[in-house]
Amino acid sequence: MLDSMSSDFKLEIGGEEPRVSTRNGNVEQNERAGTVHKILSGIRNQGSKSISNFLTNAQRRTLGDRFFRGNRIVKNGSFSGLFDGDETREHGLGRKTGPLLSGTAYCISSCSMIILNKVVLSGYNFNAGISLMFYQNLISSIVIVLLGLCRTVSIEKLNWKLIRLWIPVNLIFIGMLVSGMYSLKYINIAMVTILKNVTNIMTAIGELYIFRKRQNQKVWTAMFLMIISAISGGITDLTFDTLGYGWQVTNCVLTASYSLTLRRIMDEAKKLTRSGSLNEASMVLLNNLLSLPFGAVLIFLFGEWAYVVNADVIKLPMFWVVATASGLLGLAISFTSMWFLHQTGPTTYSLVGSLNKIPLSIAGIFLFKVPLSPPNLFSILFGLFAGVFFARAKMS
């Protein structure tokens, strides 16, 4: 940019006043030359005064505007791309690739974590869901603290009032994670995905009675379809497990409760922070850190400590690789969802989240060789359709 400006300036000092106009007739080169000559004449009259002292603010703005206008992109003109063409292309490329990259990262991390959790719990036959939750939350806490020390993310300073307010939310959060772990151990991924639609129904009912938020007719129709798909899916499930379905229903109740409770206390929690806000990183750290002492107590109460110490699976290095990766992916979901939400918006985020269930269900069926019957496959597809329909209905 500086080179272009200096070349124009030298051209016009030489006394040449070529009439080079753009095709649109917006900029006249001789007009800029006349302005420069007037300024140079003023400089000679002022003697030793510098340009910065001579030019008034209005003159400086006029000169700058004329030079920049003359060199901006002109449609179909010979000056196109001289100044801000590269910048425009970079911004255009960012607008196109940003949502795609963030959405892809969100989908990959979300699908991968569920699959890895299934591998740990079912593939390695690991019967300690609370211990796995504890390890994953410990990994997430360590990573966030390190990122905060490196000033990569901003973390709010925790205080006792904030912790005391957050404890009920955290207890629901722990129950949500643990019930999700055990349901995933006993139920195949496709059915877990379909049954999770029940959470949307419970959340909508909670919003109606707690926040007086009414849903439109399309939303209630979508919820009715999701109920049918969940019931038909359970009836036709060849790998039906009563304990697993019990854990999944519990998970749906706790997940809906977590969402509704978090919405109620979020405004109060923001008042207890120094900055007056609670960002994603601070909330994730608060949840994970508070879950550690409660998780440790549950591990001893349920006797998982003795099981973990004596389990042969913990001697396998690959087991720890998968378990650690699942913990890191849990943290990645938080950041990629925040990134994707920032790049797009709640509408697109909700729709992509629903569409994400389709490849996840297909991958779960093929990776874990789930036995299927035609009615069960139809129920799964019907449930996926109902989930997408629900997301679209919420947008309207």
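Placed from the backbone N, Cα and C atoms, the Cβ positions cover glycine too.
Region 'Disordered' is the annotation TrEMBL gives to one range among 1-27, 82-108, 325-351, and that range is 1-27. Residues 117, 121, 129-130, 132-133, 137, 156, 192, 195, 243-245, 247-248, 250-251, 254-255, 257-258, 261-262, 265, 268-269, 272-273, 286-287, 290-291, 294-295, 298 of the same chain, all 6+ positions outside the transmembrane segment (162-183), place their C-beta atoms under 8 angstroms from a C-beta of that stretch. The transmembrane segment (219-239) shares the most Cβ pairs under 8 Å with 374-391, out of the stretches 189-210, 283-307, 319-341, 348-368, 374-391. With a threshold of 8 Å between CB atoms, the same-chain residues lying at least 6 positions outside the transmembrane segment (128-150) that come near it are 117, 120-121, 174, 177-178, 181-182, 185, 281, 284-285, 287-289, 291-292, 295-296, 298-299, 302, 304-305, 307-308, 311, 323-324, 326-328, 330-331.
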